[in-house]
Amino acid sequence: MRVLGVEGTAWCASAALYDADAAADSVVIESDAYQPDSGGIHPREAAEHMREAIPAVIETVLGAADGDIDAVAFSRGPGLGPCLRIVGSAARALAQALDVPLVGVNHMVAHLEIGRHQSGFQQPVCLNASGANAHVLAYRNGRYRVLGETMDTGVGNAIDKFTRHVGWQHPGGPKVETHARDGEYTALPYVVKGMDFSFSGIMSAAKDAVDDGVPVADVCRGLEETMFAMLTEVAERALALTGRDELVLGGGVGQNDRLRGMLEAMCAARGASFHAPEPRFLRDNAGMIAVLGAKMAAAGATIPVADSAINSQFRPDEVSVTWRDPESPARDPGADAVRQGAEATVTFADDAVIKERAPKAYRHDRLDDRLRRDRTVLEARLTSDARRQGVPTPLVRDVDVPAATITLQHVGDADLRDALSPARVRAVGRHLATIHDGGFVHGDPTTRNVRVGAERTFLIDFGLGYYTDAVEDYAMDCHVFEQSLVGTAADADALVAAFEDAYEEAAASGRVLDQLRAVEGRGRYQDDPETA
């Protein structure tokens, strides 16, 4: 099968030809990237570039074809509406002229699938790090589920906003990478909430640091060390939550050597496999559109021209995945004497649990020391405070702050992830409402951080928690728990409803669930889509 792919979601006009029947992967890519005269991407100028460049790159690729085209695939979204409309129109016209099926591809799923295709991985977690996006995906029940994502700006856009502030031309990522090699680490805000992250505060702090006279190279080093450590930590949390041992990287920011090195080091430390496609498949390109288009066409996932409207807000979890096998069971570490979590090694001894936050080789030493120390102290305090509020938690038996080690009572028989029930989920709703009324959050209440026994449901691992009276923070706690249900449970909708019912009954304020709706709408591409 030969598939012609067309890509043009934002700034890169690209066409590609993929021959699925070739002895070795054969992908011919022709791209023409838009380069603004100054500042960032202007939607109107980008669309004008697409209008001129798309016909040219398609013509070049068609000239390289040595046989008939069997299908046309195009990036249906997400992206800039004016650019997507040009790409969609070109793809429809081409499919009709060639009298072949049309395939509408989700741009972000294509970033994931090109890594899965090239690596041969079966059940990977995917970290997508691109201009407008940053999210972690895993396959579950016929869809790629969003386990975590940016709650404001994309990682690449945050970098570009910083570089525009210092007067550098788009794209900013390569310039930050170059300057960071000569810089010293500068501390910047580190914001991870469960498996979600925020980059707007880091970007603002980086601008302020430059304005205050900190050398630009030092700020660039701080940006890389902070932002990429956040991405790597969340990817590791996703591996731990799902029990998977394969990670693929997608998106243009993935071309950064430091980010790839961090992810590779993290995976090596936990015995997981890692794959990053070659750079031409990481940045926006039609090759990944053609490869996924071939898989979708072979599975019959084509669309009539009349139903092929673009969707500028096309989320990856909206795509029905029909082209791959069902998921295989994840490895169950429950019986292991030593368990490797996302940020700590847990050793079981009699009725005790010894939790050690060992140094993370992928993080800068100063950042790593700060996170390990602060999280150890907070976990001990908040675990005890929650217990005083009446929430079942382990007894804290010993804390060694310099060694970042806590000894706790061993509680429960299983993680909630492996023993889900409406009653236990309702208990989590009551527990979170109680600690929120007490003035603090858990910070990472996933189904791996809840232990269950015959009669009680325990909250554990408060290392990302903190004291706060902000309704927004309480809503984020609820959001993190619900995301973990969606990523691991077959009947997630019913369990989410049970959780929210119990939370609403127990909480002193009714504002948290209202704010939760606002938080859910803040993820990438949640607004009404632009279609045409």
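Placement of Cβ uses the backbone N, Cα and C atoms for every residue, glycine included.
The region 'Kae1' feature in Swiss-Prot is assigned to 1-323. Taken from Swiss-Prot, the feature Fe cation binding site applies to His107, His111, Asp284. Among the features that Swiss-Prot reports, L-threonylcarbamoyladenylate binding site is placed at Asn128, Ala129, Ser130, Gly131, Ala132, Asp160, Gly173, Glu177, Asn256. Under the heading domain 'Protein kinase', Swiss-Prot lists 329-532. Summarising the annotation, Swiss-Prot assigns ATP binding site to Val338, Arg339, Gln340, Gly341, Ala342, Glu343, Ala344, Thr345, Val346, Lys355. The active site, proton acceptor annotation in Swiss-Prot covers Asp444 and is backed by sequence analysis.
Using a 10 angstroms CA-CA radius around Asp284 (Fe cation binding site), none of the binding-site residues in Asn128, Ala132, Gly173 qualify.
The C-beta environment of Ala344 (ATP binding site), restricted to residues of the same chain at least 6 apart in sequence and closer than 8 Å, consists of Lys355, Glu356, Arg357, Ala358, Gly463. Recorded residues Asp444 (active site, proton acceptor) and Asn128 (L-threonylcarbamoyladenylate binding site) have their alpha carbons 21 Å apart, per Cα-Cα distance.
Within 10 Å of the C-beta of Ala132 (L-threonylcarbamoyladenylate binding site) there are 21 other C-beta atoms, taking all protein chains into account. His111 (Fe cation binding site) sits 10 Å from Ser130 (L-threonylcarbamoyladenylate binding site), taking the C-alpha atoms as the reference points. Each of the binding-site residues Asn128, Ser130, Asn256 was assessed for Cβ neighbours inside 10 Å, and the highest tally belongs to Asn128. The domain 'Protein kinase' (329-532) scores a mean pLDDT of 90 in the predicted structure. Residue density at Ala342 (ATP binding site): 22 other Cβ atoms are found within 10 A of its Cβ, drawing on all protein chains shown. Neighbours of the Fe cation site: apart from His107, His111, Asp284, residues of the same chain with C-beta atoms within 8 angstroms of the site's C-beta centroid are Glu7, Thr9, Ser75, Met108, Ala110, Ser130, Gly250, Gly251, Gly252, Asn285, Met288, Ile289. Around His107 (Fe cation binding site), the C-beta neighbours below 8 angstroms that are at least 6 residues distant in the chain are Glu7, Thr9, Ser75, Arg76, Gly77, Pro78, Gly79, Asp284, Ile289, Phe314.
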